[in-house]
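Marked as transmembrane segment by TrEMBL: B:12-34, B:46-73, B:85-106, B:112-134, B:146-172, B:184-203, B:224-246, B:252-269, B:290-310, B:316-336, B:375-392, B:398-417.
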Amino acid sequence: MTDPLVEPVRDALRVVIDPELGENIVDLGFVYDIAVADGAVRITMTATTPGCPATSFLKEGAQTAASTVPGVVSVDVRMTFEPAWTPDLIVPAVRTSLGFAAVN
Amino acid sequence: MIGGSISRWTMTYFAAALTWLLAVLTLMIVGIGHPATDLAAPDTLVLVHVVCIGWLSLAMCGALFQFVPVLVARPLFSERWALPALALLTAGLVSLLAGFMALGGRLPSAPWLLPLGAVLLVTGFSLVVVDLGLTAWQRPTGPARFVLVGLASLCATVVFGTVFAFALAGWAGRIGEVVLARGIPLHAIAGLGGWLTLTAMGVSYRLLAMFMLAPDVEDRQSRLTLVAGALAVAMIVGGGAAAIGFGAGLNTVLAIAALLGLVCATLYGRDLASIFRTRKRHHLELNMRMALLSFASLAGTGLLGVALVSTATLPMHVGALAFLAVFGWLSGLVLAKLYKIVAFLTWLETYGPVMGRAPTPRVQDLVAERRATKWFATYYVSVWMGTLALLAKEPDAFRMAAVAMTVGVVGIVHEIVRIRRLEDVASPLRLPAGAVAPHLLFAKT
């Protein structure tokens, strides 16, 4: 059964946006996994480009946002670039609003 | 590396570069160093070195300190070298310009100014080359290879320039005199073609793919483009130096290098087309639309070059060709990308630290594209009119074009200052609790 903290954490992460695309990291599909055990949250997420200075701010932003959720004891954010992010991970409504090409 | 840092001095380089660009425009308006006059005339040397070192090289160095770490996903070898390098380059350029003005009789004779300027510039560029070279060398793939070849070309350009500076002071002996008499085209092409153009191409591959969410151009494909460009530079530097050494003519070397340069530009056009074709973001931001005008200017430079060679009028119009390459292609691309880079870095500096704590604006909320469009349009149209005025040998029309270019550049600089001051960000999001407004001239982080 999914831990009841997962959805509040996911909602809290929506305050973190990708500065370039201007949408939140959850709807952009940057958040690969949220795992919770006894209040300890482990977020696995990605970004568009590994060396970009925005990447570390995204990681710290996710850490901060998740920490604000009541009941969260600790947050560990792990950045990964495997699998690499692609625009087909964006939720369809946001993809349309961003004017993206159709993703096959 | 998960996430690079913000280069503290990139904005300082940009500010210095834009100041020199305004100086160049002023010189052209008052008619000092008219691009169509003799390339070796002291006033022309002042103009050319202000534009190539002060404007383009400083802007390029500032951008590279930020973007080479992004290209290779590794930290910069030494952030601490960037500011001393800028101070040395500025002092070297001022000394060099004073030396040229003394040559032209605008200042009292002081032959030591040129060698002093050369030594300061060599030291400054050495810091840049070692810092960026060691960074790029850690992962020399795709665009980073372009930067490495660009840095090698910069070294060749600086070596030629140093020999010239010592020869003009009468300190380089007979060999120096011979190199000075025949080597100026090699110095100019290694600088404009090798250092500035190949580096701009390399950075553009990554920036365009990143901002338009296009897949990176395959290494195998971009390598062909780079090989053509690198061979052109090698032919100019190696072949040209050998021709001078053996007392042979330079025409064959120049013809082969020009052909290779055209192949490089054509392959680059093919690479750009594939980036634009495969992009996921359909809407093009202003910086990208304006970059397209600079790519068109590069294509125009190639076509104009072919036309001038085939009509045997190149020597008469080399100033117009160089003007279009410098202001249409290189300066246009740098201005378009500055507009984006300043907004992006300003966003990171101001809003990065408060992410997750408060709602933040988008990068696009820092800019006013509609207002900026007219300044860019003014700039490009006046560059193209200026090129036509030079071809038609109409100095008054050229000065009018230079005035219009200045209006465009002042407008763009004003937009960049507004970005830095967050003046176009709506007030509820402008400075969330904990955010600190950026300094105009350097990054606080």
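Cβ from N, Cα, C; glycine included.
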Interface-richest range of B:146-172, B:252-269, B:290-310, B:316-336, B:398-417 toward the transmembrane segment (B:184-203), CB pairs under 8 Å: B:146-172
Stretch-level contact, the transmembrane segment (B:316-336) and the transmembrane segment (B:46-73), CB cutoff 8 A, at least 3 pairs: yes
Contact yes or no, the transmembrane segment (B:12-34) and the transmembrane segment (B:252-269), 3+ Cβ pairs under 8 Å, gap 6+: no
Winner by Cβ pairs under 8 Å against the transmembrane segment (B:46-73), considering only B:112-134, B:146-172, B:252-269, B:290-310, B:398-417: B:112-134
Same-chain residue ranges lying at least 6 outside the transmembrane segment (B:112-134) that approach it to Cβ under 8 Å: 53, 61, 64-65, 68, 76-78, 81-82, 84-89, 91-100, 102-103, 147-148, 151, 154-155, 158, 161-162, 165-166, 168-169, 171
